[in-house]
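Q: Input: one structure, supplied below.
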Amino acid sequence: MATLQVPSSVPSADEDCEQLRKAFAGWGTNEALIIQILAHRNAPQRKLIREVYAATYGEDLLKDLDAELSSDFQRTVLLWTLDPAERDAFLANEATKRLTASNWVIMEIACTRSSQDLFKARRAYHARYKRSLEEDVAYHTTGDFRKLLVPLVTAFRYEGDEVNMMLAKSEAKTLHEKISDKAYNDEEIIRILTTRSKAQLNATLNQYNNQFGNAINKNLKDDPKDEFLALLRATIKCLTSTEKYYEKVLRLAINKLGTDEWALTRVVTTRAEVDLQHVKEEYHKRNSVPLDRAIAGDTSGDYEKMLLALTGHGNL
């Protein structure tokens, strides 16, 4: 097994654990030290810190962080410290609970992760909850939502660039026929969206645009109040234009009358090591304001500092 190569400028996991322990000592917690360490460590480094902390002190770092911190800052630090697959499992489970139910979060995890990452999240879900993700999604959803979400979370899409243009043309025609008939929950629409590779879907939707003179999501706006249609449009956006999808989630989270901290925290913690730099560019282009400035204007304290540290995380 290869050992983790930690850059020489970064302290060892032993040193990090010692410093974290110091941050928890005494009457007050040293939040700045926690941010300085955890916000500047990548996923393998954070995993190693958790292992060394448990081995050295016989305690779970996540439980200590949970006890020492509070509010949105606590949630951000805990989500960030989790392994990406564990984090996805936690968020998906939360999204199936009655008080925190969110079809959107389930769809987002299913559509924006690579096939391998979604598979790892499903495995982490088994390990943590002793149930499968798909059985919980099936149990906690109904009707058209269940019909779409269960195959989305069980998908293992081909990840290559190969595209079948004949298939793209014929499936564009199929999609158009079903949408024209307002058969939005038709099994053919569900089959295409939940099984085809992202490259194939992009080709199909380009064909749709070329053949019928309209982007598919324009034709799915028949009833603006229809929640299933909104989820269907978001699914397509997630699968074909991830950065634009996340830009919109951030824009809505920040521009609301009150900030949607859960959405803001989820996007920053799950995308910081993936594509947040691209999302930031998309956000700046769409809103004429840098994402960092928008976050700083809408949040405060340690929560703001942690988010800003993570939005600059792309160079790790």
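Keep in mind that glycine also has a Cβ here, set from the backbone N, Cα and C atoms.
Straight from TrEMBL, here's the annotation block:
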BINDING   PHE24, GLY26, GLY28, GLU68, ILE254, LYS256, GLY258, ALA296, THR299, GLU304  Ca(2+) 1 binding site
BINDING   ASP298  Ca(2+) 3 binding site
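Map these features onto the structure and tell me what's around them.
A: Its own atom aside, the Cβ of GLY258 (Ca(2+) 1 binding site) has 6 Cβ atoms within 10 angstroms in the protein chains shown.
For ASP298 (Ca(2+) 3 binding site), the same-chain residues lying six or more positions away in sequence with a CB closer than 8 A to its CB are ILE254, THR259, LEU264.
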Q: Can you count the other CB atoms that lie within 10 A of the CB of PHE24 (Ca(2+) 1 binding site)?
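A: Around the Cβ of PHE24 (Ca(2+) 1 binding site), 18 other Cβ atoms lie within 10 Å.
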Q: Of these binding-site residues, GLY28, ILE254, THR299, which scores lowest on Cβ atoms within 10 Å?
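A: It is GLY28 that, of the binding-site residues GLY28, ILE254, THR299, has the fewest other Cβ atoms within 10 Å.
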